[in-house]
Each structure stands twice: as C-alpha cells, then as structure tokens.
Amino acid sequence: MIRLPLAIALGISLCGVAHAASTWTGGDDLPTNPLACDNTPATVAAKPYNGASVTGAPDRKGKTLTVVDVPKLIGIGYFNATSKGMADAAKELGNVNVKTDGPTKANIDDQITFIDNYITSGVDGILFAANDPVAIAPVLKKALGKGINVVGYDSDATPDARQWFVNQAQSNGIAKSLIDNMAKEVGEEAGVAIVTSTFTTPNQARWISEMGAYAAKCHPKLKFLETVEAQEDNTLSFTQATTLINKYGSDLKGIFGMTSVATPASAEAVTQAGQCGKIAVIGLATPNAMKPYVAKDCVKSVVLWNPVDLGYAATYVLRAVTDGTLKPGDTSVKAGKLGDLQVINGSEILLGAPFVFTKDNIEKFDF
Amino acid sequence: MNWRSLVRHETILALLVVVTLVLLAQRSDRFLTLDNLLNQGRLMAEVGMIALAMTFVIVTGGIDLSVGSIVGMVSIVLGVFWHDVGLALPVAIVLALLVGTLGGTVNGLIITYFKVPPLIATLATLALYRGLAEGISQARSVRGYPDWFFVFGQGQILDVPVQIWIMVVGAIVAACILGLTVFGRTTYAIGSNEIAARFSGLAVDRTKILIYSASGLCAAVAAVVFVSRVTTTRSDMGTGWELDAITAVVLGGTSIFGGRGTIVGTALGLILMQALKNGLLLAGYKGDSTIVVIGAALILTVLLSNLSHRGRET
C-alpha cells in the first residue's frame, strides 16, 4: 500500500528531472530587439507615457521628502553603491532624507513586507529595485493609491505600478557589449556558459534573452553550453562556476557572470582551477571586486554602468516627480551633475550606454 | 489550582506580547491602528497557517523542514495545471492542494515506514520538492490570473482580509483537535514517550502520517493564498518559511523534544514575531535590527519557560 505513493512520487521526480535537463536558457519569453553588429546606434521610437499616476498626493513642491529605498537586498557592494549615490544626491539637494532598508536575501516576500510597512509608516516617496516585476506590483499600487511617489531603478516593476523607472542601460546594449567582448577574447567558435542569479529575476532574464538573440544574429557560432542559477550568493556562484569548469573541460572557453556576485566568484573559480587565460570571464560587476583579477590578466573586460550614478539619478528623478518638473510626455530630465537624461520607452529614464572597465581604466574607479 | 499552574509558558508569553505591544505603540502612533493590525494579520497569515500544523509536528517530537518547498511546488503545480494543462482554475486549486497533501504524506511515509528521522527525511524532501518546482516550471512564471482568484490574497469579508478568516478558522479547528480530541491526546502521547504510546495500543504511525499530510495541506493552502496575494507564480516561493514557522512554534512554548505545546502558544508566538517586525520598523529601526531582537526574544522566552517548567517539576 505504501509502495504506490512512493513509486508515484519517484516517477514525478524523475519526470521533473528529465524535464529540467532539456534546454534551459534562463531567458524570459519577451520579444528581443538585438542591436546591429557594427556600432550603428539603435533608433528610439517615441512612445506615449505608460507609467502610473499617483492619487491624492499632497503638494510636495520644494518640501523636505522622507524617502525609503528598498533594493533587492542589502549588504552587497552593488546596492551599497546605489545607496551611496542616493545619499550624495540627497546631500546636494538638501531637501531629501533617504534611508535604505530591505531584506538580507533577494526574496520577493520580504521585500513586499518591507514596502508595505514603510507605506504604513508614512513616507513621501519609495525607490525600489524589484525582485519580481509582477509580485511587487500590488504593494506599489497600494503606495500610489496612498499618495506616495514611486520610482524604480535597476530592476523594473510592471509600468502600471510605478511612475518612472531609471534604466541603467538598455538590455540590448548590455547584451551586445557582453557578447562582442566575449567573441573578441575567445573567438567566434567557442563554448560559453552563463552564471546568473535566478531564472526569474527580471533583468538578468531579459539580458540573457537579448544575449541569445544578439549572438544568433552577429556571432552565430558561439555555443551556449548551459545557464546555471547561483542566487546572489558568493559561495554558490563559486561552486556553480567550478562545476561548469569540471563538467565541460576544454569545451568551455568563456563564462558570463550576470550579477555583481557571480562575476568575481567565477573569476575566482577560474583562477583556482588554474585556467586563467584559457577560460575567459566577462560579466557585470563592480570594479573593486574585479581589480585583483584584472591586475592578474585573468579578466580582461568588466561591463557595467556606474551604480553610484544610478542611485544618484533615481533620487533626482524622484525629486523632479514630486516637484512636478518631470511630467508624463517630457523627453528629458535634469539630474544634477549627470546633466540631462533621456526619456525612453514611455516612462523610463536612460542612464547611458554600458561602460567597459579594462586594465587601463579600472584603477580610476572606487566602488 | 495553585499559583504555579499560572506560571506557564503561555502566560509569560502573553504578558510579553502585551508589554511589547504597549512599548511599540508608544514608539509609533501608526502601530496600534486597526488598518495596520489587519494588514499585519494579512502578512503573517501564510506562515501562520503553516505554523498551526507545525505545532502538531513538533509536539510529536518531529520537525517538517519541507513546508517552504511544498509552498514552491504547489504554486508551480497550480500555475501549470491552470495555464499549461488548461484546467479550470477551481479544479487546478483543488489538484494543487492534493499535491501538497501528497507531499506531506510522502514525508510521513518515509518517517514512519522507513524509520528515517524527521529532520533528515524532510531535509531531503526540502531539496526534492524545491527541485521539482524549478524543474517543472522551467523558470517560467505564470501570470495573468482572473480577478476573482485575487479574493484569497487581497479580498475582504466584513472588512477583514480573507486570509485572516482562513487562518482564524484553521487555528480554532487546530486548537480543538489538539486540546479536546483523542487524536490530540495521541499526539501528545507520541511526543512524551513514543514507545509507551505504542504499547498503549495507540495508532502511532497513522497519527504521524495524518499530521505530516496535514502539514503538507496547510503549506498548500498557504501557497494558494500567497500566489493570490502577489498575483504571480515563482519557483522560489516560500523559501525559508519553514524557519519562520518553526520559530513561531518554539517561541510559543512547544518543546522541540515533543510532548508539550499549544495552539494558543503558537498564535502568541506568531503575534509577537509579527509585532516586533512591524513595530520596530515603524519606530524607525532598520530591518536587520528586528532579526536580532526576534532572536533575543526567542532565547529569553525559552529560558523563562524552562525556569518555570523546572520549578513545577521539582
């Protein structure tokens, strides 16, 4: 009598495992828009504003704002850098108090609870980086309904759940930068693997989809061996990268790190495996974490934007929204020392093109 | 009835809850508002439902580490049945609840028939069920549920969120079963002395299997409510909830060695945890300090309880 349920359970598990072994790209299902193979800039079509509006907001023009910043998680270099940018902007503006608080793990549930509690505590504005674009939407809509201004950065929610989103770089630009640099280092015919956070994290999934589309268009012989999940966890990223190196041996020529945690951990895995120079590591990471590997020539290019500028811009955008100087339909916004930032896709503000750190310039950055 | 019988864990905890509520209310005028309290009830309902069944599990001297993974698995299965297989959503919900219950039953069978310690059995299924959730979902989220489905996670009946009703009814049922029935007494007997319970002719294995199945069912109900609350399905849903539920149960005075514990205690433990998380944040403390305070509260209440318990035995 007990055999049957166990057999069923085992059967289901085996099906699940077999299912899991099929192609697993880690991308999302949204349409892709790969850039041209040369450096022709993309044409940006003007779209009407598609963000949300806030209801019952008091007049906050010029008044001191209490703002909470809820990133995906706290305690990692990347979000420490965005917090620093926010503090810089708040100091410059003089009438914004911004506090960063959030979960210690990139967890949808905890992030939602944090935002919910800050709505109750009565803040004027919320800055967020979403762990899931849809899961976070109900609580952000609640904030908008209570007259709180909501601006996203780094990782977006659905447009109807926030007023504006500060986009660090367009996904197709990131994809192009990563793939072009990889092809330059490992050649056109090579096996590559990806270490990402989780398959459901919106921006990583978006980049991976765009990478696939761009590679298919411009570097069709690049072979994607596998995409592995490593949360935003240092130890797990290292283990996953090591597993990839052992599993694929000489077939593996390059590893993409999709998070600021996965990239240095992958570089460390390659270093410890004695594969420096044989396996290239290219990814998104903060310069401080990558300096040792760049100095040893183990990593040649690190792709990123400046997260300090990202936090800085998000704070200026929130101030502009509450002051009424950034309205639906505007095409640019002033962001302090960053100058005028362009509005794209209806309700996104573009920070700029992705930046490639190399041995020549990495020492100039400290974050 | 002497004064010693009043010095129970639940009494100490209830006093602690009252003191905490008063202190927190003084630090923020937004804390003791009906709006906030109902909202907090909404946020703690999912872990609360899991903690009810977890009380039974721990009273038998067992543990169920797989509940968080069952939440993930049930969410995914719900999404797959509805979106990919194309079943009507109510049918998908019922099937998903059955899958969760089956997950719990498997735990119970491994523990009773193969004599695998609960810690190890559910540690294994923690990995297994999470793996299934990720494998089946292929990392794809299921979204776009119809509006009526959001009733469970976002709706209200008589101005009280639906999930609070579910949790309260669940708590009353659980308290009656544990406190008033033969099944409840069997549960305590297993936790106090399993061998003696067997010799007394109690249906030890059947009781344990039922309890682990109920644990799976409660996790499945929590999963449906959670999917409805966040309007999407992800394979990492419920990660770490097993620890939140165990914390609430232990904080509520249930002995990890079995034989002792009540639903009232668990409810108080849940309230204390949620009040600290919410109240400290409203009072202006950051999230990391609340974790420290909850850890300290856990040690403090368990110490106090042990002192009073020892006092009664001597």
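A Cβ is built for glycine as well, from the same backbone N, Cα and C atoms used for every other residue.
Per TrEMBL, the features are:
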TRANSMEM  B:49-82  transmembrane segment
TRANSMEM  B:89-114  transmembrane segment
TRANSMEM  B:164-188  transmembrane segment
TRANSMEM  B:209-228  transmembrane segment
TRANSMEM  B:248-273  transmembrane segment
TRANSMEM  B:285-304  transmembrane segment
Ask   = Between the stretches B:164-188, B:209-228, B:248-273, which one has more Cβ pairs under 8 Å with the transmembrane segment (B:49-82) than any other?
value = B:209-228
Residues from the same chain, set at least six apart from the ends of the transmembrane segment (B:248-273), whose C-beta lies under 8 A from its own = 8-10, 13-14, 16-17, 20, 44, 47-48, 51-52, 54-55, 58-63, 171, 174-175, 178-179, 188, 190-193, 294, 297-298, 301-302, 305
Inquiry  = Let me check one thing: do the transmembrane segment (B:89-114) and the transmembrane segment (B:209-228) come into contact, meaning three or more Cβ pairs under 8 Å with sequence separation of at least 6?
reply    = yes
